[in-house]
Amino acid sequence: MDDFTGLLARDFGLKPQGKSAPMASQSNSSAADFNTFASSYSFATAAGKKSDSLPVFDDPGRDGDDLLFKDVFSGPPPPKYGSSSGDSRSPSAPAFDYDAMFKEPKSKSASSMPVYDKPVYDDEDVFESIPELKIPSTSSQSARFENVFSSISSSPTKHRKQNSSPFDDLMGNNLGKKGADSDREEKGSSIFDDLIPGFGRTSSPPSKRTTSETTNQSEKAPYRTAETSSNVEEDPFVVLEESESTPREPSRTDPLDDIGKFNSRKTDHSSVHGGVFVDIDPLDNLGKPGPDMNSKGKSHLRPPGNISGSQSPPVESPGSYHSKKVSFEDFLEPHNMSTPPPTNSNGSFESSDDVWLTVSEIPLFTQPTSAPPPTRPPPPRPTRPIKKKVNEPSIPTSAYHSHVPSSGRASVNSPTASQMDELDDFSIGRNQTAANGYPDPSSGEDSDVFSTAAASAAAMKDAMDKAEAKFRHAKERREKENLKASRSREGDHTENYDSRERELREKQVRLDRERAEREAEMEKAQEREKEEREREQKRIERERERLVARQAVERATREARERAATEAHAKVQRAAVGKATDARERAERAAVQRAHAEARERAAAGARDKAAKAAAEAREKAEKAAAEAKERANAEAREKETRVRAERAAVERAAAEARGRAAAQAKAKQQQENTNDLDSFFSSISRPNSAPRQRTNPLDPFQDSWNKGGSFESSRESLRVPPGQPENLRKTSSVTNIVDDLSSIFGASASQSGGFQDVDGETEERRRARLERHQRTQERAAKALAEKNERDLQVQREQVEKDRIGVTLDVEIKRWGAGKEGNLRALLSTLQYVLWPECGWQPVSLTDLITAASVKKVYRKATLCIHPDKVQQKGANLQQKYIAEKVFDMLKEAWNKFNSEELF
């Protein structure tokens, strides 16, 4: 059942003892909220505790020992009316009075001040079920559990009398512990300070003094008169100057112990009379009693005889209200005093600069939570600049506002312990040690409550910081005024004040030094934490960068893989398409080749048939032609022989007739010239030699004509004289011819008839010119005759060679052309088989000769390659010339047939 304590208490209303408690009423929303918080942390009540008030959230029929549901702000018992027993309640008391929440009840026997109404709350401790937090009670009439802010409106003496901690119900045994109450009473300190320093303090506890100092104070008691009225309101921010003006004794090492003892500071002046902000406390009107109560239940006016060094604060004289408000600079002045300074108690208040705070400006965040406390402390408070007088030494005060408590903190009775430091220690949630030296018990529920209280304290601290900044200016001004007033009324207390001032300053310097060290440590820790956070941030950034880089690499790899896959897919597709195309092309080529092969086979078969037929026909024709040629040759030979014989006979007859005519003419002429002069006779003889001759005839003109292959008629025509000659030339020529003929007949030498003859009477120049012309003529004639003879011999030799080569080449050419007569495509496609390699012919496939245009183009190329003239120009031999002539003749014949059969 121990594990289900909170569960049963929260869900079923059962306490750990097994009793059933009725659920709280839900009519009030505020009460329901507090009941929810109280029910989640249900603890057992302490034995022997009696509640004088009827709790709002508990069963009215149950006594104080059986309370189960507590409010976290467990209020004090309601005020007693009419009797000291406190059994009756005011019928007009509200169920949840916020104004009375921050007030502290006063019993009739302890105070003569009017009693204020209190809200009806459960007065049991929230944490009472924890054994370590059970605190024995010293008075049955005092409230066991009071309001969490009861110290705001209650006096320390009241707490000392009741021996109850204001925060027992909030923080348990650790913060509201009463184990050292006797020691605190002996030291004259308040049992516990308020949660917010300065709230609810009506009197300052006395400082720890010797008997002599107490005696001096008693002797100087007449200086003090009656205190201010009992309803004087206290300044809640007096701690701002008290924490600076009071010395501190580092007797406690537990920083959280200070939080539960906020009213344990010892000062020389009352919080009502010594605070700077005495007239601007926004919470003073919340029902706080005016008069200060000591531990003996005395009235606010304390006579000198009742002053003790352990309990009573120094008696204040009239007019000491401003005298105790000493600024922080005054505490640092180096002068000694043996007696405390007089205080002002004239009861006057400065209302010209009143600044009021409302409850809404101090939010309280105390909602229940199960979250762990914060892992890091709140941000440090900003240091406040401290004004320094002209003559006071420079003391380091930068560490005054520290958030890290040290082991040398002031004890409960130390008047110099800063209440703001206690609040700081409480806000950061540090572990503290109880007054008896034992550590506080820790559990999950304590951590939750502790975190909520820390959050509330932090919120209040923030509000106090804002108010402190708002009131700093007024504080400094009033400090100066109060200092002047206090110094004017110091009188005989100068020595005691100087000694106490020196002591306070020394302690303050020591505490400031310690605080500076703590701040330095705190700064170092913060720097280390900051460095760790920066390193962690850098590490996280590096990891993020690595993650981003890895993601980028993965994305790039994925994209590369996708691109590679796409490229591979495209390549495969292209390969497939290429293969399909190649296959289709191969199929087409194969089909074309098959068609061509079939065409070639058909063409070859047809060509073979045609070739066979043509060969047979050719053989027949050749045989016929050979027979006819032979017959014609025989006939021609016979005719030629007959013609030669006839020509010879005619020549002989003509020669005989010519000789006879020449002889007859010679005789007749001789007879006629006998009568002429001899000169004329010789001149007529020599004239033909000088006359131009048409041709040079050989000895036998008929024989010469025959040798040249000419006929008899051509020789006769050559002897004729052109018709355009004059008559005398004709006669001369005839005479010359006759003479030549006679000379040739009679064996005259050709040199005499063809040689150069001198002419009488011609000049030397003409003779030389005629001689040169005669020589050139002879040379040209001889050269032309030699060339003609050479050509004739060459033609004869070539013809003989052709006849010899034709015997072998004709067979090859006929074999090549067999079956291809008239088929130009077949001849052109097989032309490389008959031509010689040096001709430059490139073989042509039959598939390239399908169209007529391609056939014509290839034929033109073949013509340029094997034309006889082209072949002779290239310097071909006789065999190549013969082949070219034969092939060209066959191609030309086939071309003529191709043109006649096909259209372009």
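Glycine residues also receive a Cβ, built from the backbone N, Cα and C atoms like all the rest.
Per Swiss-Prot, coiled coil is recorded for 456-663, 762-804, and the stated evidence type is sequence analysis. Residues or ranges marked as compositional bias 'Basic and acidic residues' by Swiss-Prot: 59-69, 178-188, 245-271, 462-570, 764-776 (among others). Positions annotated as compositional bias 'Low complexity' by Swiss-Prot: 81-95, 201-215, 661-673. According to Swiss-Prot, the feature compositional bias 'Acidic residues' maps to 232-244. Per Swiss-Prot, the feature compositional bias 'Pro residues' maps to 370-383. Taken from Swiss-Prot, the feature compositional bias 'Polar residues' covers 394-419, 674-697. Residues annotated as domain 'R' in Swiss-Prot: 619-640. Residues or ranges marked as domain 'J' by Swiss-Prot: 839-904. The region 'Disordered' feature in Swiss-Prot is assigned to 46-99, 150-731, 749-776.
Long-range neighbours of the domain 'R' (619-640) within the same chain, counting only residues 6 or more positions beyond its ends whose Cβ lies under 8 Å from a Cβ of the stretch, are absent.
Mean pLDDT, taken over the domain 'J' (839-904), works out to 89 on the 0 to 100 scale. Each residue in the domain 'J' (839-904) gets a DSSP state, and the totals come to 50 helix, 0 strand, 16 coil. Here the compositional bias 'Basic and acidic residues' (462-570) has, by DSSP, the following mix of helix, strand and coil residues: 107 helix, 0 strand, 2 coil. Across the domain 'R' (619-640), DSSP classifies residues as 22 helix, 0 strand, 0 coil.
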